[in-house]
């Protein structure tokens, strides 16, 4: 099936009348039953002696491929991942969920882990995936990132500029902490501390487990006492990944300044009521390149965007993303026909 003929229709996001507010729209999706996806796991060895795990949704090699980068402490079973993979499965597409180091259920081997600005890691991954995809034919390759994964991916898109167009055909990023300092501040007080505690539960456990193998990595008592992401990033994330402190890490890793350099057609979706990212810190249209489409619904929460009558479904977001990718396929097809015409070759009737 040509992508442009997919039976998908999307309208601007409207939250259900029975689910109002950014917190409810963020938390409720965690309570929904999740589809079962038959993944095939593949482990890739990295040049530094570490590894990453990728969960694949297999379909014919000529089907479009969508790669997804998850959010902070997410994995291939996160609700937003499964909703996307379920739709890809039903459409006959291929999918791949890249686990950042230490997020696949197996501890990674090195002291370092992953972080919000790790575009170098994303570059290595996408170049390998792109190469493999081209060997299997001419199927389009699309990439999406959510939250932290979306930030690192957008940063990569900006750094690569036009070179990224040689690797992927379209991009999407959802609920992205484009300004990490603004996001860190938002998560440091009030009800948002609930999300921070949720993240720190696993972040601190993983960090303390590393001390069994690397005893002098950091102060165990100080890590255990962390109550904010700023404290954790200052003690763990920043020094492990070559940053001076949390401020330096957040400044260097934020993707917002890179949006004006993006050349791949890219959809960015952030809700105005996302508890993780203040609306005041979202970019204006003059802060992004012409390749970037900004969509900022009034509601949706953080990686929520629930739709349909009670109890609701998580179909709006994957439909919107896939529809955007379909638009890029149509443009690629039109351009190819123009090139054939210019060369004097007959176009398909």
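Cβ atoms are placed via backbone N, Cα and C, with glycine included.
DSSP classifies residue 147 (active site, charge relay system) as coil under the three-state reduction. Annotation comment: TrEMBL describes 147 (among others) as active site, charge relay system.
Annotation comment: TrEMBL describes 274 (among others) as active site, charge relay system. Neighbours of residue 274 (active site, charge relay system), defined as other CB atoms within 10 A of its CB across all chains, total 29.
On its own chain, residue 302 (active site, charge relay system) has 22, 26, 147, 175, 195, 271, 274, 275, 276, 277 as residues at least 6 apart in sequence with a Cβ closer than 8 Å to its own Cβ. The active site, charge relay system annotation in TrEMBL covers 302 (among others).
The average per-residue pLDDT of the prediction over the domain 'AB hydrolase-1' (64-308) is 98, rounded to a whole number. The domain 'AB hydrolase-1' annotation in TrEMBL covers 64-308.
A sphere of 10 angstroms centred on the C-beta of residue 147 (active site, charge relay system) encloses 27 other C-beta atoms.
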